[in-house]
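Enquirer: Found this in TrEMBL, in case it helps:
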- 16, 17, 18, 19, 20, 21, 132, 178: ATP binding site (BINDING)
- 42, 64, 65, 66, 91, 92, 93, 94, 139, 150: ribonucleoside 5'-phosphate binding site (BINDING)
- 98: CMP binding site (BINDING)
- 36-66: region 'NMPbind' (REGION)
């Protein structure tokens with residue numbers, strides 16, 4: 001890691017809350033680097049000769065969670081190979097194991113500024129995902145069956161993580177049920193300390 005600790009904002013919210021959309025807006029407006037835990041794992045899996053590729057593939061095939069040490073290593077590598085110092089980490093930490101692993105491996109290497117929590121009612125999120133799937137998102141999990149499981153996992157595993165950060169006064173909540181521009185107007189308020197690019 002560089003001498004100056006990287007700044008991190010975690011971006012959490014249910015499936016279809018608009019994490020990817022809002023991260024793209026933050027990147028464009030504030031010059032952050034967007035790191036998606038899922039994208040990093042998929043990218044590593046498809047890299048020829050990857051140290052972790054086979055293991056990641058096995059976990060994805062078996063429907064199990066990739067060990068947090070691998071996810072943290074991929075995030076850390078992505079940060080150290082980037083010249084910028086402000087990072088959005090999207091869709092992580094998803095559960096207690098993720099949080100514990102992050103604290104062990106990365107806790108003293110970065111400055112976590114806050115958690116951007118995109119909050120939207122379940123029915124709106126599910127509708128967005130289904131529309132995204134019908135529009136050809138290419139995501140195999142944008143279907144009713146997978147969505148039920150994703151929502152249960154989010155409620156059982158990720159909501160307690162948001163509660164943990166709330167106790168530390170690190171959650172910045174945004175009403176993500178509104179339109180994209182209205183949501184981004186709320187998001188911008190939380191990024192005022194970071195200069196616009």
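The backbone N, Cα and C atoms fix where each Cβ goes, and this holds for glycine too.
Those TrEMBL annotations? Automatic predictions, nothing curated.
Situate these features within the shown structure.
Expert: The Cβ of residue 19 (ATP binding site) has 21 neighbouring Cβ atoms from other residues within 10 Å, across all protein chains displayed.
Proximity of distant same-chain residues to the region 'NMPbind' (36-66), defined by a Cβ-Cβ separation under 8 Å and at least 6 residues beyond the stretch ends, is recorded for 20, 23, 73-75, 78, 89-92, 94-95, 97.
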Enquirer: Out of 42, 65, 91, 93, point to the one nearest residue 19 (ATP binding site) in space (Cα versus Cα); all of them are binding-site residues in the record.
Expert: 91
Enquirer: For residue 65 (ribonucleoside 5'-phosphate binding site), what is the tally of other C-beta atoms lying within 10 angstroms of its C-beta?
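Expert: That number is 15.
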Enquirer: For the region 'NMPbind' (36-66), report the average pLDDT of the model, please.
Expert: 83
Enquirer: Measuring CA to CA, name the entry from the binding-site residues 42, 65, 91, 93, 98 that ends up nearest residue 178 (ATP binding site).
Expert: 91
